[in-house]
Amino acid sequence: MDKFRMIFQFLQSNQESFMNGICGIMALASAQMYSVFDFNCPCLPGYNLAYGLGILLVPPFILFLLGFVLNNNVSMLAEEWRRPQGQRGKDRAVLRYMFCSMAQRAMIAPVVWVSVTLLDGKCITCAFCTAVPVETLGNASHPGLPQGEMKRVLARIPCKEIYDGQELIANEVAIRYLRCISQALGWCFVLLMTTLAFLVRSLRPCFTQAAFLKSRYWSHYIDIERKLFDETCAEHARSFAKVCIQQFFEGMSTDLAAARCHPPRKAPADAGEATEKLLGITDQGTMNMALKSWHRCKPPLHLHPPALPSGNGWAGEGQPPAHPPMPRRETAAYYSRV
């Protein structure tokens, strides 16, 4: 049990590295899911496009939402966005920084899925097989077919076992043509995402370093404040439960002692320590009021430091230090000499 507790504390203290690992595992899982996925193109006009684009776009959207769900900071971001103004203002730059950080991690698995799908070429082949240029790649001497019949024949290109248009256009020629386009789009997509990630991760702090540091600091503060508040609430709840149970058993022991004429036992010393940890909040109504006040009106981020004396070189900077007052006798002697 202690080992699991140590692992849990390590994950809590290294939450950013842990989330990066989760995103990496999701990316590998998405690639593995596509490799074992049984791709079956319907080979019907009007259905190929919907099926191909659905496989290309719907799983990445699900993985993107799953990346947000697995991130613990989503609830913190929603709570900070929806909380009342109170005594503490809400900085939109900090909220944008938190959202962008979560979105960057959540985008890893969808990007891997789209890249693998485009490089494989099955989805593009299924979706756009009816748009193959027959005039360029097909048999020019073949008699023309009606538009509907042409689309029906071309829609069967991904399905070799039922394709019956070899005299119109060879199956391998059409598949190679579409797969080449798909792989070109895949490498362009990988290059675009890599360049965009480089710009976001490297160049953004260079142009707005002060704003970037401020947003990162206060996002860390909000996360740490929430964790400390949860820990304090858990400690208060533990102490409250201990005192409540202790009082219950003390009452039972008093009743039993009165019935059997035995003196009641003394309360243990740790009950007093638990009472001190309650900080004066000893009933349900007061605790509910404190929690509601924390949500509606969080304390301002100003600790009110003590005022520094003006002659210590900090306050009144740039002014000469004031001379200490002279005693009365020295003052009279000074003026008599003058």
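Glycine residues also receive a Cβ, built from the backbone N, Cα and C atoms like all the rest.
Annotation comment: TrEMBL describes 21-37 (among others) as transmembrane segment.
Outside the transmembrane segment (49-70), and at least 6 residues removed from its termini, the chain residues within Cβ reach (under 8 Å) are 19, 22-23, 26, 30, 33-34, 37, 39, 41-42, 102, 105-111, 113-114, 117-118, 122-128, 130. Residues or ranges marked as transmembrane segment by TrEMBL: 49-70 (among others).
Here TrEMBL flags 184-203 (among others) as transmembrane segment. Listed as Cβ neighbours of the transmembrane segment (184-203) (distance under 8 Å, sequence separation of 6 or more from its ends, same chain) are residues 100, 104, 111, 114-115, 117-119, 124.
The feature region 'Disordered' is assigned by TrEMBL to 309-338.
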